[in-house]
Amino acid sequence: MITTPPELTQAQFRKLADIIHADSGIVINEAKRSLLVARINRRLRILDLQDFGAYCQKLDGADGAQERRHLLSAITTNVTAFFREPHHFDALSSEILKPLMADARAGKRVRFWSAACSSGEEPYSLAFTVLEALPEAARHDVLILASDVDPQMVRRAEEGLYAEDAVRVLGPERSQRFMVRRDDAYAVRDDVKAMLRFVELNLHAQWPFTGKFDVIFCRNVTIYFDGEARRRLWQRFAGQLNEGGTLFIGHSERVDGPAAELFELVGTTQYRRNAVPVQTTAS
Ligand SMILES: C[S@@+](CC[C@H](N)C(=O)[O-])C[C@H]1O[C@@H](n2cnc3c(N)ncnc32)[C@H](O)[C@@H]1O
């Protein structure tokens, strides 16, 4: 028997798009309608629901908050890779890490943040680069925070288990140094993991930080946000970076709006926080 796929009404589309926007800042416009349908269809099958009306009811029900997290996981795009946009890691090794590692050796606190870490390839690439610059970094006050709004991605990042295909780009030297073979996959070594902390964090919510960062990676995520949310985020990153700290963003992103005067563009999508104070009440 041929079954017709359920239809998404305009009211349901708006409701789902509004929930996603409220929870993550991600904009779902008409152009993304078929993507939304495909991704939520998968949830319908998993939950054994007949149509989108039943799904909307579930979102309004007692376990609605839990389902909203699944909805976010379903809708986020998690494409990533080890050493993606390698010029950023080159900039770290050639200029940024030298003074920071001297600070670490002198007992100072050094902090990195991968703010949309997906399945972990980005923060681990950061860790490998730091360890190449300072092999004993884990013995100093050096930490990498890896966060993402998608709980499934945070779990995968923390697990640190990667298929051979994903690891190939590391080459034999790095993979032998930083990974261990586990069955037909590769696991990040525990001594590397010791430098990282993983947390589920929505960039548009409150940030639980007490201190500032020296380097922030926020790459290939603001492209999914509307202009206002994106500009607010630049402002908040400026407030969260030490003077002279670096913000790396994705290849098709740029710092715009009032925050542009808080940064100097010093490389390809690489910004240095200047001394201009942040004026707004960024949290
Ligand atoms: C395309 S991946 C980019 C991963 C990595 N930064 C890179 O460039 O390879 C985008 C990631 O942003 C996350 N994301 C989307 N909205 C977010 C939000 N509001 N707060 C935190 N992370 C978010 C998604 O879950 C996804 O893992």
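All residue numbers here begin at 1 and follow the chain in the order shown.
Cβ atoms are placed via backbone N, Cα and C, with glycine included.
Note that TrEMBL annotation is computational and uncurated.
Going by TrEMBL, these are the annotated features:
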type	residues	note
BINDING	Asn78, Thr80, Arg84, Glu122, Asp148, Asn202, Leu203, Arg219, Asn220	S-adenosyl-L-methionine binding site
DOMAIN	1-276	domain 'CheR-type methyltransferase'
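Features per TrEMBL, on structure.
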{"residue": "Asn78", "record": "S-adenosyl-L-methionine binding site", "Cβ contacts under 8 Å, 6 or more apart": "Ser118, Ser119, Asp150, Met153"}
{"residue": "Arg84", "record": "S-adenosyl-L-methionine binding site", "Cβ contacts under 8 Å, 6 or more apart": "Glu121, Glu122, Ser125, Arg219"}
{"residue": "Asp148", "record": "S-adenosyl-L-methionine binding site", "Cβ contacts under 8 Å, 6 or more apart": "Ala116, Cys117, Ser118, Val154, Ala157, Glu200, Leu201"}
{"residue": "Leu203", "record": "S-adenosyl-L-methionine binding site", "Cβ contacts under 8 Å, 6 or more apart": "Gly25, Ala115, Ala116, Val149, Cys218, Val221, Leu233"}
{"residue": "Asn220", "record": "S-adenosyl-L-methionine binding site", "Cβ contacts under 8 Å, 6 or more apart": "Val79, Thr80, Ala116, Gly250, His251, Ser252, Glu253"}
